[in-house]
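According to TrEMBL:
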DOMAIN    20-242  domain 'MacB-like periplasmic core'
TRANSMEM  21-42  transmembrane segment
TRANSMEM  285-307  transmembrane segment
DOMAIN    291-407  domain 'ABC3 transporter permease C-terminal'
TRANSMEM  332-359  transmembrane segment
TRANSMEM  379-402  transmembrane segment
TRANSMEM  423-447  transmembrane segment
DOMAIN    430-637  domain 'MacB-like periplasmic core'
TRANSMEM  671-695  transmembrane segment
DOMAIN    675-787  domain 'ABC3 transporter permease C-terminal'
TRANSMEM  723-742  transmembrane segment
TRANSMEM  757-780  transmembrane segment
Amino acid sequence: MIKNYFKIAIRNVSKHKVFSIINIGGLAVGMAVVILIGLWMWDELSYNKHFANYDRLARVMQSQTFNGVKGAQTAVPYLLGDEIKEKYGSDFKYVVMASGENGHVITVGDKVLIQTGGFFEPAIAEMLSLKMLKGTRNGLADPSSILLSASAAKAFFGDTDPINKMLKIDNTHSVKVTGVYENLPYNTDFKELNFIAPWKLYIDNEEWIEKASNPWRRNSFSAYAQIADNADMTRVSAKIKDVKLNKVTKADAAFKPVVFLHPMDKWHLYSKFENGISVGGRITFVWLFGIIGAFVLLLACINFMNLSTARSEKRAKEVGIRKVAGSERWQLILQFFCESFLIVLFAFVLSLVLVQLVLPMFNGVADKRLSILWSNSLFWSLCIGFCMLTALLSGSYPALYLSSFQPVKVLKGKLRTGRLASLPRKVLVVLQFTVSITLIIGTVIVFRQIQYAQDRSVGYNRDGLVIVPVRTQSVLKHYDALRNDLVKSGAVMEMSQSSNPTTGVWAINNGYEWKGMQPGDQGNFGTVAISHDFGKTIGWQIKAGRDFSREYPSDSSAIILNEAAVKFMNLKNPVGEIVKCDGKSYQVIGVIKDMVMDSPYTPVFRTVFMLDYSWVNIINVKLNPALDSKEALSKIGAIFRKYDPEAPFEYRFIKEEYSIKFSDEDRIGKLASGFAMLAILISCLGLFGLASFVAEQRTKEIGVRKVLGATVFNLWRLISKDFVLLVIISFFIATPLAYYFMSGWLQRFEYRTEMSWWIFVFAGLAAILITLLTVSYQAIKAAIANPVKSLRTE
């Protein structure tokens, strides 16, 4: 019986080619979108699950309260690890302190490369369950050792055995290779960890750590932990909350430092904190794409339902004869489900082909390395379930509707196909376009928000501004000579040093005091160390006072504030005021316009700029606009190599660095717009098929009207108006829905665009235009047909 049903299904598919192409094509596109979204979600949800101890690993974080607002941070004091081990050792299997992952100059003989890595305590290898290709996980026990990733070992030593080979880190630390580990997967937070060096090597050789007057205030390090096998993450986190509070000074205790564990399973998807509590993050995007995928599949299924029920007259006699011949209703339902499943199966195979074709482009936009999981049994189990669900969704209504026909009425030609019969189809079309219009509105608002933030004044001149990370001390030792040579070369207009680029504030100090400071004020400010020419290099805008100058030796004890700092301090005339920090007094000599250095979606943070050459990390270079940038950078690179031949010349344009701040929203916006266009395409396919059946259904009516003098325009309007009316209804439903959801999305940003009325009007007009373009072909085709052909049997 089932075999017979599939034969009939194949016959119907081949007989009605246009119907089949539209149905299979629409379902294939919808299923391809769902598979792509599913692969993306799979990748997001499996982040960091590569590690064997995934459910017991955590990052040790802290929260502090500033002016009533609790903020969470990953940076902690370097003494924290030992304190946790001493006080709560039984609750942990490992506690590991780390320097953080950064680019370092690695030298092997004449080969010099920049590799990303960090300095960790030895237990990190066990904690991350590194798969060792050479050596063992205890290779870091030797304080002059290093572990390399397979790719780093290949880059430096080729096919030769790297074990016991010597290399240098930042031209300072000579270390011996004691192990090689398999590259970590790209969907982990440690994906760029190409080397692991001993923590002791780092902590014993960094002068700035030794010079810290109060090491518990130096929040510059990372800490990771693996809880004991019998421990509970929540309970252990609650236990250690006061471990720092018990060690800090009374003044620092006012900031209420709370240490806590952030489980690894929340690092990627729940990285956003509000008032010290994890409230979400990328999980929002996972839910968003999951909902989009469900709606796109629903649109494709609606097409199938509409086109199947629209052909009811053509299948009615078949149903009537089968019922007269003794078929039960359940048998007819099973037959129609078999037809649905066959079409879904064809669509699924086609969708896999589509996914394979578009994956490279999709990966480029999504910044992923996704592939179809051909050998994964769980993937295929989900695909089977997915096909069954799609067949059930798309085939349920047609099967129930078609099997309900009464044979007597059908065979007498009294089947009712009027307005009431078409009502469910109209409801489904309204649902389709409600989703499509909502997606159009949402996509426009997302890109408007990105553009709004991109157009925000940054407060300095990014044109031709280049940063060169300081990898070794050689450049700093010869900085004055380097600067003179660069200026003489004509490639550089200006040059300066700073502790961070203009695209981020890396240090927050909380020891500031000033005149008029209220008892409840807590002076945490972003702090940037700069050289004299920093302002000239970046082109910041002085609002009051003056810039730093070599003509004033006293500027070594001077600071410049941004507008946000002045406002926070409530200083009426800030120039000349005295501000204290860590027992030292500084005079305010100037105020600059707020510069967007962190997130472009949030207000500018209060920031202090001071002259300090002891902790610079960046050299800022202003290119000569009269020269081609490639030519200028070639000259600059040659001069840098002259003073630091052991380090590669590495540079980044500030414009490119700034654009990275928009990458997540931009990427999500592009993906969402792509899915929105595919959703509209699916809706149009269904509309096209539905219009063809409406035109076919009204062939005789159109013929009579044409004989009676109706014009092509009259007939086009006759067929099109019902569809346009449905889209207008969809618009009025979609508008409040889109407004509600997008208002909530925009609330994530403190600096946000407005939802202008024209966005909603544009979406509605676009939907109407798309509808008219889709329906017009069938409408005009029916209108210009020869009426004799449709009326010759009358």
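Start at 1 and count along the chain as shown; that gives each residue its number.
Yeah, the Cβs are placed from backbone N, Cα and C, and that goes for glycine too.
These numbers come from a predicted model, not from an experiment.
Ranking 285-307, 671-695, 723-742 by CB pairs under 8 A with the transmembrane segment (757-780) puts 723-742 at the top. Residue counts for the domain 'ABC3 transporter permease C-terminal' (675-787) by DSSP state, with H, G and I taken as helix and E and B as strand, are 95 helix, 0 strand, 18 coil. Taking the domain 'MacB-like periplasmic core' (430-637) as a whole, pLDDT averages 90 in the prediction.
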